[in-house]
C-alpha cells in the first residue's frame, strides 16, 4: 500500500512537470504576478491542465484495456493494437466522417465502439477456431487482421481525401488537447472503473473456459463484458487523442513480471504505471526538439518497441 | 447422488458417448476405467456441465446440471479436467484461493482463508504457496490444481486423470489424499483413471466404459477379475490377490 502511494505521488509529480512545460510562459511567478484573466492562467486552464488530465486518463485506460484483453485472449502479447480493435475503431470513425460528418463526438465514439467490438469479436472467433499452439502466433494473427481492416480503411480514406485525418486517429498525439475536446476520456476512466469491481472475473476468465465454468461463472458473459469495455475505451481514446500502440502490452507485462496476474492486486499498479509511462513519454516528446513537439505515438513507438523486444527475448531465455 | 440418464454425445455421425445411464452413489471413490476413446472424459465433462450433451440428462442431488444456476452447482460439484494450462501468472495461493470464489465471490473471509490454508497443507504445498505456477514442475502444478478443487469444498469432486504428470510417489500420495478426502471429509470422489491397479487399490466402485457405453460396473472385486478385464481391454490380464486386495499384471 505504501509503495502504491509512493507510485501515485510520482505520477502526481510527473503531472506537475507536465503542467509547466511549453512555449508559453506558465510558471508559478508568472501565474502569481498576472491576473486570472491573463494569458498564463488561461493557458494553464485551457491547454495544460486538460492535456495533463488527458494523458493520465488515456494512459490508465489503455493499460487496463490491455490487461483485460490479455486475460480474455489468454495471451500476454495481445492488446487493442494487436487484435484489430484500434483499426476497427478507426474504420468506424471514417464511416461516420464520410456518411454523417456532422455527428457529435459522442455519436462518433459510439459508432467507433460498435466497429471495435465487431472487429475484436472476429479476432476472438478466429482464436477459438484455430488451435494456436504458439504464443506468438496469436498477436501475429491479430496484427494481420488489423492490417486487412486498416487497408480497407486507408483505401476509402484515400478516395475521400481523408488520409491525414486518419493519421490523427492512429497515431496518438496530445498536442491538440484543449478544454472541451478531451472530456470524453472521463467516460473511458469510468469504464475502466468497472474493471476494478469485476477484476476477479477477468482473472478467472484468464484460467480458461473450463475453470470459469467450474467456478460457477458464465464464460461468455465475462467475455462479453470485458470485450465491451475494451471496445468502448479504445473507441474513446482513438476518437479523442489517437491510439498509443503497445501501451496496453508493455505496461501489463512489466507489472505481471513483478507481481503476477491476479488482476485484483495488479490493476491499481497497471493504472498507475500506465499513467506514468504516458506522462513521461509526452514530456520527452515535448522536450527533445523544444519548442517543437514529437507526437507521443512516435516516442512511445521507440521506447515501447525496445521494451517489447526485451520482453520477447527475456521470455525465450526463461524457457530455455 | 449423481444420476445420468441416457446421456449421449455425438460429433457428426460418431457417437462418443452412447446412451449412458448410471447412478453414482454419494460417498466413497468411484473410478471410471476403460481403453482410450471409450468416452470416459467426455462423459465426465457432460456430468459436470463443461460439455453440452447431445441427448439425455444429468442430475446432481436432484438438480439438473443444465438448468441449475452455474454458481449454485459450483458449490456442490467441482471438476478438474486433464491437461490444464493456465497462461496467467498466478501464485499457488492465488490459484487455490479462487476455489473459494463460488462461496465468497472474491471477498474471502477469515473462514475462507482457513480453508485455503488447509487445502494448501493437504496437498503439501505450503513451501510452494508463493511460487508462480509457471515456476513449478508438472507434478507440483497438478497438485496445486487439485488443492484448488478441494478448496472449493464441494460434496462432489470430479477429477479427470488426476495422476497425470505424477511420478509413482506423488501418484500414490495423491490417491491417499483423495482417499482421505472421501473418508474424513465425506466427499464423493469420481475419477477417470488409466492405471487399473490404482483404481483397484483405492476405489470403492469401478465403472468400466468401452465404445461410449458402460460395459461393467460394480464393487472393485466384481470388476477386478480376469474375464471382466479381458472384455474391457481386449487383452489377457491376470489378477492376483495380495493381502485381500487385487492387483493385475498385463506386461506380457
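Glycine residues also receive a Cβ, built from the backbone N, Cα and C atoms like all the rest.
When Cβ-Cβ distances below 8 Å are used as the criterion, the transmembrane segment (A:53-73) is approached by residues 11, 15, 18, 79-80, 83, 85, 120, 123-124, 127, 138, 172, 174, 177, 182, 185-186, 188-189, 191-192, 195, 202-203, 205-206, 222-223, 226-227, 229-230, 233-234, 236-237, 240-241, 244, 247-249, 251-252, 261, 263, 266-267, 270-279, 282, 296 of the same chain, each at least six residues removed from its ends. Among the features that TrEMBL reports, transmembrane segment is placed at A:53-73 (among others).
Annotation source TrEMBL lists transmembrane segment at A:134-156 (among others).
According to TrEMBL, the transmembrane segment annotation covers A:185-204 (among others).
Note on the transmembrane segment (A:224-255): residues 54, 58-59, 61-72, 76-82, 85-86, 89-90, 92-93, 105, 108-110, 112-117, 120-121, 124, 168-174, 177, 181-182, 184-185, 187-188, 191-192, 194-195, 198, 201-202, 205, 266, 269-270, 273-274, 277-278, 296-297, 300-301, 304-305, 307-308, 311 of its chain, located 6 or more positions outside it, place their CB under 8 angstroms from a CB of the stretch. The transmembrane segment annotation in TrEMBL covers A:224-255 (among others).
Feature annotation from TrEMBL assigns transmembrane segment to A:267-288 (among others).
Positions annotated as transmembrane segment by TrEMBL: A:294-313 (among others).
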Problem - the transmembrane segment (A:185-204) in contact with the transmembrane segment (A:134-156), cutoff 8 A, at least 3 CB pairs, sep 6+ - result: no
